[in-house]
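These features come from TrEMBL:
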{"type": "SIGNAL", "residues": "1-27", "note": "signal peptide"}
{"type": "DOMAIN", "residues": "44-103", "note": "domain 'Partial AB-hydrolase lipase'"}
{"type": "DOMAIN", "residues": "109-238", "note": "domain 'Serine aminopeptidase S33'"}
{"type": "ACT_SITE", "residues": "S178", "note": "active site, nucleophile"}
{"type": "ACT_SITE", "residues": "D346", "note": "active site, charge relay system"}
{"type": "ACT_SITE", "residues": "H375", "note": "active site, charge relay system"}
Amino acid sequence: MDAMVRLTTTLAITISLLSTFANIALTFDGGGDTKQQPTLCGELVLPAGYPCSEHVIQTKDGFLLGLQRVSSSASIGYHARESRPPVLLLHGLFMAGDAWFLNTPEQSLGFILADHGFDVWVGNVRGTRWSHGHISLSEKNRHFWDWSWQELALYDLAEMINFINSVTNSKLFVVGHSQGTIISLAAFTQPEIVEKVEAAALLSPISYLNHVSAPMVQRMVKMHIDQMIVTMGVHELNFKSDWGANLLVSLCDTRLSCSDMLSSITGKNCCFNESRVAYYLEQEPHPSSSKNLNHLFQMIRKGTFSKYDYGKLRNLKEYGNIKPPKFDLSRIPKSLPLWMAYGGNDALADITDFQHTLEELPSTPEVVYLEKYGHVDFILSLQAKQDLYDPIINFFNSMGKVSSI
Ligand SMILES: *[C@@H]1O[C@H](CO)[C@@H](O)[C@H](O)[C@H]1NC(C)=O
């Protein structure tokens, strides 16, 4: 029972958008052999019988990101082999590209898209285990971790899209979950990025965060955990390290039970496979930066969808204004087709915040509402194929032939 509590606790932390500090040290098997470098293709895709290739791309600020390309030899598709439309998958916070391959090939979006004749590209942002460091900074250097989701949008996502666009000579589809939707929406406000995107499907879409209802997250925000860890000199949030466990345990005291941590962070999830938790934990969680958590908590506190707030003086220096510039959703072109799915039990992508996002978008996205879904269900639900992935494929296929630019 205790182990299950710990596993559930850790899963919650791993998958949720705004979580922190998990009891990983107790549930991981020690981290494995560091000598042989595992790859996402080698661990999750090739063993399932799907062709997969590894690529490394370099961002403008020097980060080296792993990008995988997956196809299917047994494509049941709609699309001719030579005209497979590219789709880029963007994972959430503390996850990486493996998120799209965690269930069986019949249940996981990465495999399902490949089976339907898409040219699947799997994104991994800086700091995750599938990224490859930096051209000059070591991961031990604090400057390596000096970024938040705004850099993930303007550097990482921009570079992924450029690379895929140049290899395929085609516009691409984008699918994001959670943090993957924040960075998509921020990037789509930039004309030079969005012109290469054909359409996007966003799961648990997030821009504004001030109605986050998750008690555990609200508590961490009130306690200023984000600023605390930065002050402590912790710049990398890596739950495979030992120290976070103690803080987590200290956070779930009498008022917030540890056993229901999953719900207290993500909302009550209806539909994932609890017997697979140990397997999920072989992949998750991936590191992120303390600054990223800090930026997200700023959004919760202030109700803004803006760049990182350094404080008035430094803002003036960084941005030429005492306030950080906002990402203006009204600049996302009306012509960009959007499909969005949100959940009635999602305590992170709250319905009120989602409505706020919709109001500011010039277009009217196709919207799917799943009353029972919590934040985790969008990626792990056993019914996700029927509820989400088939509708996404129909949406993409309804675009007709993908145009080149
Ligand atoms: C749930 O996970 C277990 C363990 O991996 C697996 O044996 C079982 O088939 C899964 N159930 C479903 C419905 O996929």
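Quick reminder: no glycine exception, Cβ is built from N, Cα and C everywhere.
Curation plays no part in TrEMBL annotations; they are all automatic predictions.
When the Cα atoms are compared, H375 (active site, charge relay system) and D346 (active site, charge relay system) turn out to be 5 Å apart. For H375 (active site, charge relay system), the Cβ neighbour count at a 10 Å cut-off comes to 32, with all displayed protein chains included. Looking only at the domain 'Serine aminopeptidase S33' (109-238), the predicted model's pLDDT averages out at 96. With helix defined as DSSP H, G or I and strand as E or B, the domain 'Serine aminopeptidase S33' (109-238) counts 60 helix, 20 strand, 50 coil. When Cβ atoms from all protein chains are considered, those within 10 Å of D346 (active site, charge relay system) total 31, not counting its own. Each residue contributes its Cα atom, and for the residue listed as 'active site, nucleophile' and D346 (active site, charge relay system) these two points are 11 Å apart. The residue listed as 'active site, nucleophile' has a Cβ environment of 31 other Cβ atoms inside 10 Å.
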